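**Q** Have a look at the structure that comes next, please.
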Amino acid sequence: MLREIRPAIVLLLVLTAITGLAYPLAMTGIAGAIFPAKAQGSLIEKDGKVIGSALIGQEFKDDKYFHGRPSATLAPDPNDSTKTVSAPYNAANSGGSNLGPTSKALADRLKEDVDKLKAENPNAPVPVDLVTTSASGLDPDISPEAAQFQVPRVAKARNIPEESLKTLVAANTEGRWLGLLGEPRVNVLALNLALDRASAK
Amino acid sequence: MTVIGWLQIVLFCVVIVALTKPLGYYMTRVFNGEKTFLSPVLRPIEAGIYWISGVDEKREQHWLTYTVAMLLFHVGGFLIIYGVMRLQAVLPFNPAGQVAVAEDLSFNTAISFITNTNWQNYGGESTISYLVQMVGLTHQNFLSAATGIALAVALIRGFSRASMRTVGNFWVDVTRCTLYVLLPICVVYTLFLVSQGMPQTLGDYVDATTLEGAKQTIAVGPVASQVAIKMLGTNGGGFFNANAAHPFENPTALSNFVQMLSIFALGAALTNVFGRMVGNQRQGWAILAVMGVLFIAGVTVTYWAEASGTSTLQALGLTGGNMEGKEVRFGIVASSLFAVITTAASCGAVNAMHDSFTALGGMIPLINIELGEIIVGGVGAGMYGMLLFVILAIFVAGLMVGRTPEYVGKKIEAREVKMAMLAILVLPLMILGWTAVGVVYPAAVASMANAGPHGFTEVLYAYTSGTGNNGSAFAGLTGNTFFYNLTLGCAMFVGRFFMIVPAMAIAGSLAGKKSIPPSMGTFPTTGGLFVGLVVGVILIMGGLTFFPALALGPIVEHLAMNAGNLF
């Protein structure tokens, strides 16, 4: 058995060097050369400043923008570091609400949000993804129904016809991969950037 | 449930079955020490590794030596992870300036990664540096996976050999698995993931100013290289806190599909390796069929439950299923499928929050782990776990006809059955034992995030996941406390190694036996009757052991939900 000690130490160190250093560092170099933008996190710049990542959702509260899903991410409480406070779309601490199906807190939150949305647009059923928090708290997407649901509000805030907004939403809707995998979706940041561009014209 | 949803599920199953044979062929050659198409490149590296570490690749080991070598290897792995976590503040690759991780959390994480559990009491982007991610976690993702596969291969050799004292060489098996199987796939896989949008950078976290003018700090890092092995090796420990639900850790529907495939691919292929090594591939297909039956049943229940939603959602007129804790790009079907896959295999990565699943939808992942993660299972661990159940099933069949049971030419005798039972009893001991402590000990009770039966399920799920070396969680439970760090560490350790040692004892005992040719009285183990028998034994064992606990948790919660009770 004693002769197993040398391989236990040396082999471990060699394999650690290969899999823990050589492999990730080599992949960082290669991936950075082939897919430079994606390897950095698909960042979007506007006027030379980073405004976010194409893949990471961000918070929209203004009526003139389309809103993303509710987010349950947290951040350390600035007044007491042992506690946390709500910080939607905190991209440095991802996570979901973790509220279960019989949670009273969840039921109350859902009811409040549904009532708010019904008041905003009484003519359409409330899409489920607009009132449920995502798993990561950073979901960049909403369903096409959730985007269409917000058209009247955005049209009113921007004073533009609903029809042109509906076209914009349709143009920013991504289908299933090969018509099969995943779900149809609208990237909220991309849609809002397109909206700003269209309004600027 | 929709047609397009079921098409995605069917496509997944078809691709897995199609991959099983070619991967099985390749892996069999690797573990038999034969030449492969990668040998011209890798063979010199392999020989060099043996030379400096003093391994004689021709010398095989007795099962006990093999097991001791494996244990020594893990002691070293533990020390490396513990060391880099405690010292990360003074080590390089720490752009976010993370401070030393606490003793209990470092202990828990080190155990978690050497046992292939990857339970996340650490919050990836908020606690640990890039160096810990790479040297501590990525490296152990490789080695714990390679170890699992090596052990499964050693047990398979027990069945396929006759009258021999040895079961292979642990160092050779681990090295060949890492170099020839895991690394080449990971290199290609990493590039695919980056092409889908997954970051791979050593740069700082990015500060962005959002469209509405708020500040958003975006965590990035060498994500893709770790995710590749995290999935392929059924490890499951996330780079980010939200794991594969994080848009950076799973950017598209396609990346999600490939991640699901990579969880199952090697585990499924091992059934074919088994068939090839014992000289009849149909033996392997029969085992894959047992796994398939249980898998489809689980997917059906979870998909149905999640698509139906909860009574709270229905009362508010919200249709489209239970989207709380799920991502839009995956939707109901890909989230349900992922949850069943990740718990059937002992992966534990999640692309949706299991804590927010419906009661019955979340019960299936729990059952999958409690059955021992033998539905494909963790790489290697699933295979040796399943073979333990096969031994019991064969034993039961033998009892019914009053003959000494045989399996693939080996007599199954008292020693094998005792060892198999010993290994299987570890699950209820750790899961039910610790859950009982967790629901009465005050410091543990305070960790529950949900009240009522759901809180109980959170604790049950934690110990189930730890003991089963899965690593997924009902994540509302605050696991990063002294109590949970310690007790979960214990559950993970016992769940892994107290299963391995009896399995290896069986390997040693079988390898020493003569091989007997099949006769008229031999129970055929390639047909539907055998598949049905094994499925039955698994369900009866699992049901008898865990039904009472499930009744207190998810089942009562489902009934409460239908009665309109909230907690």
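Cβ atoms are placed via backbone N, Cα and C, with glycine included.
Taken from TrEMBL, the feature transmembrane segment applies to B:6-26, B:63-85, B:142-159, B:179-198, B:257-274, B:286-305, B:330-350, B:357-376, B:382-401, B:422-444, B:482-507, B:528-551.
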**Q** As a test: from B:63-85, B:357-376, B:382-401, B:482-507, pick the stretch that has the greatest number of Cβ pairs under 8 Å with the transmembrane segment (B:286-305).
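**A** Looking only at B:63-85, B:357-376, B:382-401, B:482-507, the most contacts with the transmembrane segment (B:286-305) come from B:357-376.
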**Q** Go through the chain and flag residues at least 6 beyond the ends of the transmembrane segment (B:482-507) whose CB is under 8 A from any CB in it; none is fine as an answer.
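**A** Counting only partners 6 or more residues beyond its ends, the transmembrane segment (B:482-507) has Cβ contacts under 8 Å with 63-64, 66-67, 70-71, 104-105, 107-108, 111-112, 115-117, 119, 121, 151, 154-155, 157-158, 167, 381, 384-385, 387-388, 391, 415-416, 419-420, 422-423, 426-427, 429-431, 434, 437-438, 441, 443-444, 447, 462-463, 466-469.
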**Q** Cβ under 8 Å, sequence separation of at least 6 from the ends of the transmembrane segment (B:357-376): give me the contacting residues as numbers and ranges.
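**A** Contacts of the transmembrane segment (B:357-376) (Cβ under 8 Å, skipping residues fewer than 6 from its ends): 264, 267-268, 291, 294-295, 298, 301-302, 305-306, 308-310, 322, 325, 336, 339-340, 342-346, 382, 385-386, 388-389, 424, 427, 431, 453-454, 457, 460-461, 464-465, 468-470, 472, 474, 538-539, 541-542, 545-546, 550, 553-555, 557-558, 561.
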**Q** Where among B:6-26, B:63-85, B:179-198, B:330-350, B:528-551 do we find the most Cβ pairs under 8 Å to the transmembrane segment (B:142-159)?
**A** B:63-85
**Q** Short question: most Cβ pairs under 8 Å with the transmembrane segment (B:382-401), which of B:6-26, B:63-85, B:257-274, B:330-350, B:528-551?
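**A** Highest pair count goes to B:528-551.
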**Q** At a C-beta cut-off of under 8 Å, are there same-chain residues at least 6 beyond the transmembrane segment (B:179-198) that contact it? List them, or none.
**A** 26-27, 30, 36, 38, 42, 45-46, 49, 142, 145-146, 149, 223-225, 227-229, 231-233, 247-252, 254-255, 258, 262, 266
